[in-house]
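Student: A single structure is presented below for examination.
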């Protein structure tokens, strides 16, 4: 192994960029990535603690424990997510700190309960309305709550307390961004590149298993290959779901720079944006799954056996050439342009040879039927034709990979960023957000009673963790809030136990506290990347930092009762939050789930209607002077189809999240109307099947258009002579009738889902 190879391997490991065929599964496994994230979490805590306790800043800032704590709370798995969290929270708390400084200057001070309550409610409403994302809302509400708790309950507090608190937050978040950038950085851009390479490799593997199943002479032998393909499919679906979620984290990253640094060896053969790569594997997945569905329903009769005997060599040649093309796309070494184009040419020749051989087999079969008078099943011909159409569509996707237009994707990304900034910088008065903000304000108002009422404040050591707990368990839905509360309670219990162990072992010696927190944070950092432990691990990591370093409880802290008090306040806050979440303007996740399903069905309906419109654009059967589209018009149609598909998958991802939330809600027990979570899960799969079929219909029309551009005489012959000149008009009528029937069915389902909304939603 040469020195350059060692250096390249170290660089890929450090920056979390690897190649599926050349990288060790041990160096680039989920276990390793979790360890790297845990290391970043610990490093964030240590650097934040150094800034807070070992520099002169400790003499000028209050609440210095917030610096390491904010770093632990804000650091995310990817750099893009960390930067996004930091920028959004900072953009909220900077104007908020100016407002808080102003009201403190104007006279808000110790025991001004009524004025403090009114201002707390007002600021909470504005924050809740301003922040669309829960993570940003929680941290901003926490900032607001800490200020009012400190102002109302502490006699001596500096006039610049709001800006000191702002400095604590900003320093903690800055440390998180710095560590996320410099130490084992995981860029969302490179993570998507890794996942795309993984998906391409395993899609090729899955397709090879499916072709092996197709080449079998009986269903028993085919089931073995189908079972292997099903295992690969499950892995692919999990990876692709996570890949689509990562797309929301790349907008603040220098995508093109990262791609140039790490994938510039590939730019000579093709250069796709992140979204285009995700679109590519999504389309390939649609077609490969369609192959799988066809083979599962295939009848392995004599016709199939004869077909396989004559086409086996062509199929094996095709899959071999396809594997070579995909190997070029995911290879870690440089593949020159000539080699790649030769492989593409060989793939094109292989699919043409396969199609030609299949046509010859079909003709021989028709001749045999005419000569012998034997009967043949039309389903056999249709299913096999569908199979070879999918292979042709896959080949076309791969052979056209170098001709995709990037300019439209750049425009799309710029438009998305501008839209995001406009949405963030402007207030949009919509009633759902107003009601949600009002509900959040009322919940915080009830929680503030434990802070603002002197008798309750004395009973619960100022009741600050009840109020903070209500701020941090906000949810868009009842199910989402209940899930957050459950995880927060688990995290609080675990973190409090470790906090008590630290206090019993080392007392209040700060450096020994740091040493005992390190292994705990390593464990929490590892667990945080496990989806079931995400928020619980975050709370468990934060709790001992706050309890052991925060000095929040004064004399109570020194008595050693702080752990029980923290648990008691958390339980009270969660209990109050559960009651108020269900009582005040409840928005059940099952209602949002049904609304989301309605939106998904509407997307399918628009896709159904677009099939007819795309047909008209391609052929315009009523005008004989034009039968195909120009290249720009075809790209325009493909672009809108890609946008439609992305929107569909966003809705499906949201459905899966809402389904998990809805399973915890009482609404799904009281108002389920015969539906269970398993049936909703089946409905999600059926939506995917429906959209995949619509995608195949779009692909069919695109391919017919390409044929018309390649051979206009052939399409003229089809238009004039096939079925007495009625083929294209009849096809148009059938598509129109099919579109209407599908639209009517979708409208029926939408109406049913509307009627089964809960009473609260209606």
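Each Cβ is built from the backbone N, Cα and C atoms, and glycine gets one as well.
Just so it is clear, the model here is predicted, and its values are computed rather than measured.
The domain 'Integral membrane bound transporter' annotation in TrEMBL covers 457-579. Marked as transmembrane segment by TrEMBL: 37-57, 78-104, 141-163, 169-188, 442-467, 487-506, 513-530, 571-593.
Let's see these features in context: how buried, what's close, how far.
Tutor: Proximity of distant same-chain residues to the transmembrane segment (37-57), defined by a Cβ-Cβ separation under 8 Å and at least 6 residues beyond the stretch ends, is recorded for 64-65, 67-72, 75, 77, 171-172, 175-176, 178-180, 183-184, 186, 510, 514, 517-518, 521-526, 528-529, 541, 545, 549.
Sequence-distant contacts of the transmembrane segment (78-104) (same chain, at least 6 residues past either end, Cβ-Cβ under 8 Å): 119, 123, 127, 130-131, 133, 135-136, 139-140, 143-144, 147, 151, 159-163, 165-166, 169-170, 173-174, 176-177, 180-181, 185-189, 191, 246, 249-253, 424.
With a cut-off of 8 Å between Cβ atoms, the residues of this chain six or more beyond the transmembrane segment (169-188) that come close are 14-16, 33, 36-37, 39-40, 43-44, 47-48, 51-52, 57, 66-83, 85-86, 89-90, 93, 139, 143, 246, 249-250, 253, 258.
Long-range contacts of the transmembrane segment (442-467) within its own chain (CB-CB distance under 8 A, at least 6 residues past either end) are made by residues 111, 113, 116-117, 120-121, 124, 141, 145-146, 148-149, 152-153, 474, 552-554, 556, 565-566, 568-570, 572-573, 576-577, 580-581, 584.
With a cut-off of 8 Å between Cβ atoms, the residues of this chain six or more beyond the transmembrane segment (487-506) that come close are 469, 472-473, 512-513, 516-517, 520, 533-544, 547-548, 560, 562-563, 566-567, 570-571, 574.
Within the same chain, residues 435-436, 438-439, 442-443, 446-447, 450, 460, 465-470, 473, 475-482, 485, 488-489, 655, 658-659, 661-662, 665-668, 671-672, 680, 757-758, 760-761 sit at least 6 positions outside the transmembrane segment (571-593) and bring their C-beta atoms closer than 8 Å to a C-beta of that stretch.
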Student: Please spell out the DSSP helix, strand and coil residue counts for the domain 'Integral membrane bound transporter' (457-579).
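Tutor: The domain 'Integral membrane bound transporter' (457-579) comes out at 106 helix, 0 strand, 17 coil.
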